[in-house]
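Structure first, then comments.
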Amino acid sequence: MYRATIPPPAAGPFKDHTGGLLGETVTQPRVDPPRLDTKRRQTLVNLLNALNELSQTESLGRDFDQNPSFEDDGDVPTVDEQLQVAGAEAFNKFQKRINSLDKELRNFGNAARQLGSSVGILSSAFRLRERLAQILFLFRDNAADLFPRKISRQQREFLVNPNLMDRKRKARRRKSMPGRVPANVEDSLDLESLPEQFESFAGALMTFLKCLNEFPEFTDEAVNTSIKSFEGDLKYWACCLQDYRGQFKYPAVQRYVHDLTAEMGEHIDSITGTLSMFIEVGVPTIRFAQKHGAANLLTLSTVATFFSAVTATTLQFSYSQTGDMLSDGVNAFWFSSLVFSIAAAVNSLLGLSWKQAMYRSPGDRVPWWVLIWIKRSPLVFLVMSVACFSAGLVLFTYSTNQGKVTSTITTVFTAFTSFGLAAVSAWFASERWTFVHHRGSKWLSDVLKDALRRFMALRLVSIVSKCFGFGSQYVQKGVEFAGHKFRRMSSVGTLTATALEQGDSLPTGEYAHTVSRPLEPLSPLSPIRQSTDSYSHLSAEGPPHPNLESPTTTFSGTSNTPNTPRDRLTSAIRSVMMLQSATSSSSHPFSFPSRKRTTSSAFTDVSRGISETSGTTTFKGSKVSSLIPKLKSLEATQDLAAHSALVRHLQFSPNGKFLATSSWDRTSIIFRVGDPCVPHRVLAHASGFVGQVAWSPVGVLLLTRLNRAIKIWTEDGVCRKTIERHHHVQSIAWLPAGEAFLSVEGSEVVKLDLNGNVLDTYHFNRVLIHDIAITPDLQRLLGVGPILYSPKGLHPSKSRVEKQLLVYNVETKVIENQTPVLNDVRDITLAKNGQVALVSYENKAFPQLWKLEMVKDQARLTLRHTYMPKVPVDFAGPSYFGGKDDQLVLCAGKAGDIHIWDRDSAVLLHHVRAQALGGDLTCIAWNHASDNPFMFATGSHDGAVRLWTTANDHRPSEPSHRLFPVTAQSTPHSVTPRSPSPVDNGTRTDSTSTQFGEYTSEPLTVSPIEDSGQRDRIVTFAHTRGQ
């Protein structure tokens, strides 16, 4: 036994069966050469390799038929370090968002304390913070179950509760009250209560928004929109989660809850941003408005107090004069003025105190008479006080026998100021009435104009106005005509005298040249004026063209300068005519820019060779180590110009002899697999895109799916039956025996026989099924798709709709299990053994492997693996099983990447990077009948279909049998009508004209065709009889 201490192996290579580092070369222990010789080092390496092999064998050979508990199974899909880190990062990001919103709510509470009537908004903000703390606690508890190595649980006594101390104080006060049981919200915090927590959270949000909108001084639509959107999504999630009662400890439901953190985080960020803006802009605006109102009340109180002092002072001169009517009237008015002024001052101070109180009720919670008394009475009392004082002052001048001038002037001025006060008061009251009735959509002037227009529309008023209108028009026309005649006579006389004087002073030969001048157009800024001036300059030197003559104007009784609008219009028309004649005679034609056609291509100029792998990872002693060399030798050996449009779907026949493709060019092609692969039959469709092809289990029949029809073909291209459907057909799937097939139509799955007869219908209620798979025992259906609405008919406001993976019992016609997912699920593929299903998503969501387990005679889907690439990839089409016994999982990326994983360990075995002949992929299919060599096909946007095989199948062949030359460079290309396609040049079968057994056309051989430099390849369709 060696005495040397053996260092423990690194933790990375010893991950369990979902670890991404399975089979990686083990880092050898670093030891000093003087202490261990070569033999000892070799022994240690062998020992570590044996331990690694035993660990991998145990994980790969784990029995999938076991039914572990949910708690034990909770960490199975997330034991991979990458998933653990990603999940922990997602939760930490969500926690930061919650903390940011809590901080903003805390800042908002501190800022709102300075506002009046802020007790409601402070209380709602505290309750909202409490709900946030409880939601964060539940999500932390959920994340701790999923990622126990990264997320730690939080003790309930450390639950952050902004109202905790206040609640404890209230609980102490209520201890002595009989019959009251103190509620402890923390004791009910459990994942099962998550729907109720969402409902309470939504209610707290709406209460906060309602309190926020009770400040009429400032309204932020961004805050309203963000909070209402979040409230709608919370109610939608709460309603949808009601269906999973008792399942919140299931890993699948926990992952769905964890995925909601991203959706909630977007809402929280939006509310945080808008709330921060409200604090910066809204709170100062509200504070300024409240201070402005308080200042007005304070000013009003000051004026009322001063006026009451003035009134009391004047009363000293009149209160002793009594006995006659005038003296009693003066005292009555001045005493009334004193009462009104004192009431105005007191009510102003009362309103000031009420507005500044933080505990006052909002405006909509106060009775109308209280609001009127507090807000309107001070100003009304002050106006009445002024009016009474003015009336008493007028009477005082007469009661004291003042002079007539004094009495008259005082009466006139008092009447004038009182009229102005009454007019302004009426205008102010009218503006108030306009605001109440139109809410800012109209001003008082608009209302007055509308009233005047309605008044003018009266019959009598319209007749009178028309009469006045006609009379004024006749008078105006007469005046204009007389003025025009007068100006015309004066201008003609002046110009004639001037011309005669110039003619006498010049020689005879120069007279015509002097009189000749260009016409004056409309204005100095007009483009006609500028062009005419340029031609006038040319006329001084001579006409530039024989057809271009200098325009001249003679004195045939007209003025040289147009004065009236008619003359100016005539001058402008003449200038335009001369400009057009000069332009048409010009010898310089117009030149139009030529339009160049551009093409776009995603292909890059890279050299074609053996595909690069994602790394140099080796798998010593692993069950999948033998697959690595074969997968590394995969290359595109054949390139088929199959279609003239996007390849939507393709599938190999069960015997591997044929490859069926479907395209948006309304055709489906059956290729005979070989070297080379040649088109066997072209299946033409009269209308509609061909979305899917499906070979029967025995491989003698082929289904093609249209929008509202399904066609049944033989392998020889004969259309046996066209089955019309009334609804859109989303997907089709054969039954294992091949006697019937399933048609997915909305929320129903219809079972049809080969004659189109409906055998049975399966309803999936609120779920829009996208794809379906049936177990080999015909007992259950596996469906995927989004839900149309929640159980209460709700729809999400902003977030993504919920999708579900369903297990449907065919015999009882009951949904046994429903698993929520958030990503856009599109396809589901069942393995041959019927125990695991491969679920594919859209965009950048990773494909996943789900296991079908039986729990108490009911089937249930549990997540086993998530197949993650090295870098984010936008996946194209569904993922498929491949290899012997479906041991591989392969998926294509839209950019041309192809990923191949080991099914049982989720290890990325091979990565084919995007190449010139592999870009813009749309779908992929594996040939299950060809285990050695491996073979799969890919379809692309340009209509090409490429066959990939391993190096074992690569044999030298004649150049005429190669479908494309192996060149060192590839030029960008695009599909044109001249591209060689079997649709135009191959054997064609039209389903509209060919019926049972009527196909008699001979196969057609197409010679190599050059594609005018569009593609750097040569495509040959070779097909001989009997091949």
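In case you wondered, yes, glycine gets a Cβ from its N, Cα and C as well.
Record features (TrEMBL):
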COMPBIAS  517-527  compositional bias 'Low complexity'
COMPBIAS  528-537  compositional bias 'Polar residues'
COMPBIAS  549-564  compositional bias 'Polar residues'
COMPBIAS  967-1004  compositional bias 'Polar residues'
REGION    1-26  region 'Disordered'
REGION    517-566  region 'Disordered'
REGION    954-1013  region 'Disordered'
TRANSMEM  297-319  transmembrane segment
TRANSMEM  331-352  transmembrane segment
TRANSMEM  379-399  transmembrane segment
TRANSMEM  405-429  transmembrane segment
Self-check item: Tertiary contacts of the transmembrane segment (297-319) (same chain, 6+ residues out, Cβ under 8 Å)
Solution: 327, 330-331, 334-335, 337-338, 341-342, 344-345, 348-349, 351-352, 355, 378-379, 381-382, 385-386, 389, 392-393, 396, 399
Practice problem: May I ask for the residues of the chain that lie six or more residues beyond the transmembrane segment (379-399) and have a Cβ under 8 Å from a Cβ within it? | Solution: 300, 303-304, 307-308, 310-311, 314, 317-318, 321, 324, 326-327, 329-334, 336-341, 343-344, 347, 406-407, 410-411, 414, 417-418, 421, 425
Exercise. With a Cβ cut-off under 8 Å, give me the same-chain residues at least six positions beyond the ends of the transmembrane segment (405-429) that come close to it.
Key: 383, 386-387, 390-391, 393-394, 397-398, 444
Practice problem: Please indicate, using numbers and ranges, the residues of the same chain that are 6 or more beyond the transmembrane segment (331-352) and have a C-beta under 8 Å from a C-beta there. | Solution: 294, 297-298, 300-301, 304-305, 307-308, 311-312, 314-315, 318-319, 321-322, 373-375, 377-379, 381-382, 384-386, 388-389, 391-392, 395
